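Shown next, in C-alpha cells, is the structure this report addresses.
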Amino acid sequence: MATLGAQPDTWAATYRHTQLGMSALALILSILVTQRKPNDEAQHLNTWDGYVDWRNKPALKGRHGGLLAASFVLVVEVLENLAFLANASNLVTYLSNFMHYSPSSSANIVTNFMGTAFLLALLGGFLSDAFFTTYHVYLISATIEFLGLSILTVQAHIPSLKPAICVSANRNTPCQELDGGRAAMLFAGLYLVALGVGGIKGSLPPHGAEQFDESTPHSRKQRSTFFNYYVFCLSCGALIAVTFVVWVEDNKGWQWGFGISTMTILITIPIFLLGSATYRTKVPTGSPITTLFKVLVAAICNTGFSRTPENAVTSMTTTPSYTTETSEEEEGQKKQRAPNHSATENLKFLNRAVINKPVHPALGCTIQQVEEVKIVLKILPIFMTTIVLNCCLAQLSTFSVQQAATMNTKIGSLSVPPASLPIFPVLFIMILAPVYNDIILPFTRKLTKTEMGVTHLQRIGIGLFLSIVAMAVAALVEMKRKKVAALSGLLNSTKPLPITFLWVALQYLFLGSADLFSLAGMMEFIFTEAPLSMRSLATALSWASLAMGYYLSSVLVSVVNCVTGTYRHTPWLYGANLNHYHLERFYWLMCALSGLNFGFYLLWANRYKYRSSRPDTN
C-alpha cells in the first residue's frame, strides 16, 4: 500500500520534470529562432547584391571579386591582344604582297576589318548587360575568334587558296589580286575574327572592372589601377605580336603567324576558366537599349500633353545636379542602387517621359530610368570627340607601315620588319603606364587633395592634344621621305630609300602616348559614370570610338581621292606606288581636323558635371 500510495507523487514529480524539460526546450527553440534571423541577415550582408558567381549562386564578399579575380582578366588580355594584333598590325603587308591588293585597297580592308571588330564590341556589351553575363560572352567570343583564325591559317598554308606569285621590279605595275571564292574565304575568316574580337572587347574590360567594390575609396583606386594596367597588358600582348610573331610571318610564313594566333586564343579559354571560382559577375537586367528608346519615345509622345491632375509629372521635384555623396561602405552601396526620386534640371525635355498616365502602358517610365538616359546622353559628346583621335590611330596600321616599307629598315646588321614599328609606342606605354599609376597619380592626389588626382576628362584631353602633334610630325616626316626618294632617283623603284625608318617611329611615339591617355581615361570615365544596368554597353563605347575612327579613315581616304581627283589628274591617295601619293597633305588635313576636334572637346568637357562626387577618405 505504501508503494501504491507513493505512485501519485512519483507521477506528479515526473510530470513536473516533463514540464520543466518542455519549457527548457521551448526556451532553446526560441533562442535559436531569435538567433536565426540575425544570421540570415548576416548572410545577406555577406553577399554582393546584384552579383553572382560562375554557378549562378550569390557572390560572397571576401571570396569573390578583388585583385585576384581581376588578375586573371589581365593575363587573358595579354594573350587575346597578342592573337589579334599579331595579324592586324601586319595585315596590310599580307594583303599587298600576298593577296596583291593595292596600297589604298589594302588600307581600306584593314581599317574596315578593325573598325568592324571594335564596333561589334557594342554587341558584346549589349549581350552582357541584357541577356548573358560577361563571363559567358567572353567564352563564346573566344570560340568564334578561334574559328576565324583557323580559316585564315588554312588559307595561308595552302598555295591554291592564294593568288599566283607576282614579281615586279616596277611599283607602277599591279599584280592580279585575290578574287572569287578565295576572296570569300579570306573575308569570312577576317570577319569571324572581328566578331570574336568584338565580343571579347565588349565583355572582358567590364568583367575585370566589376570585380571591385565601388563604395570605398580603396576599391575605387584599385579599379583605376586595373584600367591603367589593362592598357599596360594590351601593350604587353602587342609587344610580342609586333616583334616575335611579325618576324615569324615575314621569315617563316604567314601560316605560322596565323597558327600562333590560333593557338594563343585557344589557350586563353582554360586560363580564363581557372579564375571562375574567384569571379563575381553582374546579373543581366534586361535590354538597356529598350530603356533608352522607351524614355525618348515617351518624352516625344508626351510633349503635346498639357499638365493636368490626370497626367501631371510624378514626383517632379528637381535637383540642381545628380550627385551621390558617399563616405561609408553601407551608405555607398545603398545610394548606388537606390532609385533617384527627383529629376534633375538638365535635359528637361526627358522629364516629360515621367507621367501618371502615359500614352500607352508600354511607355511607362520611372524617374530613375529617365536619369539613367540623361547620363548616357551627356556622355555621348565626350565619346564623339575621341573618334577623330582614333582616326589618327588608324594610320599606324595602314599608311605608316607602308611608309616604313619603302625605307631602310635596318638597325646595324638587324633587319626590322615594317610591321614591328608599333614596338616604339608599345614600349613607351609599358614604361609610362606604371610610372603614371605609381608615381604621377599619387603625386597629383597629394597635390590636388582629391581621390582621382588627374580627372578622367583631363586624361582624355591630353590624348587629344597629343594627336594634333602626332599628325604634324607625320606630315613633316613624309615630306622628308619623299624628298629623299626624289633626290635619290628612286621614286619608281622597289629598292629601299636611303633614310632610316626610325623617322616614322616619331609619329608612333606621339600617337601611342595619346592612346594611353585617351583609352584608359575614356574606359574608366564611361564605366564610372554609366548607370549600373548599362555599364558593359557603355564601356564598349570606347571600342566603338576606335571602330568609327577606322571607318572615318576609310571615308576620308575615299572623299579625299574623290575631291582631289576632280581637280587633278591623279588623286592624292591612289595607285600602287606610295611615292606618288600626296600623303603629307592628307596628314596636314588630319592635323587640322584634330585641332578643330580638340576645340569641340574643350567646349563639352568644361560643361560636363560628374555624376558622382565622393570625398577622399583614403
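Note: Cβ is positioned from N, Cα and C throughout, glycine not excepted.
Annotated in TrEMBL:
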type	residues	note
TRANSMEM	65-86	transmembrane segment
TRANSMEM	106-128	transmembrane segment
TRANSMEM	135-154	transmembrane segment
TRANSMEM	183-204	transmembrane segment
TRANSMEM	225-248	transmembrane segment
TRANSMEM	254-274	transmembrane segment
REGION	311-341	region 'Disordered'
COMPBIAS	314-325	compositional bias 'Low complexity'
TRANSMEM	379-399	transmembrane segment
TRANSMEM	419-439	transmembrane segment
TRANSMEM	460-477	transmembrane segment
TRANSMEM	497-519	transmembrane segment
TRANSMEM	540-566	transmembrane segment
TRANSMEM	586-604	transmembrane segment
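By the count of Cβ pairs under 8 Å, the stretch nearest in packing to the transmembrane segment (379-399) among 65-86, 225-248, 586-604 is 586-604. Using a cut-off of 8 Å between Cβ atoms, the transmembrane segment (419-439) and the transmembrane segment (254-274) share fewer than three residue pairs, counting only pairs 6 or more apart in sequence.
Remote same-chain partners of the transmembrane segment (225-248), defined as residues 6 or more beyond its termini with a Cβ less than 8 Å from a stretch Cβ, comprise 70, 73-75, 77-86, 89-90, 205, 208-209, 211-212, 256-257, 260-261, 417, 419-423, 426-427, 429-430, 433-434, 436-437, 515-516, 519-520, 523-524, 527. By the Cβ criterion (under 8 Å, sequence separation of 6 or more), the transmembrane segment (65-86) is not in contact with the transmembrane segment (497-519), since fewer than 3 such pairs are found.
Within the same chain, the transmembrane segment (254-274) packs against the transmembrane segment (135-154): three or more Cβ pairs sit under 8 Å, each pair at least 6 residues apart. If you look at the transmembrane segment (106-128), the same-chain residues 6 or more away from its ends with a CB under 8 A from one of its CBs are 84, 88, 91-92, 95-96, 99, 134, 137, 141, 190-191, 193-195, 197-203, 206-207, 284, 287-289, 394, 397-399, 402, 536-541, 543-551, 553-554, 557-558.
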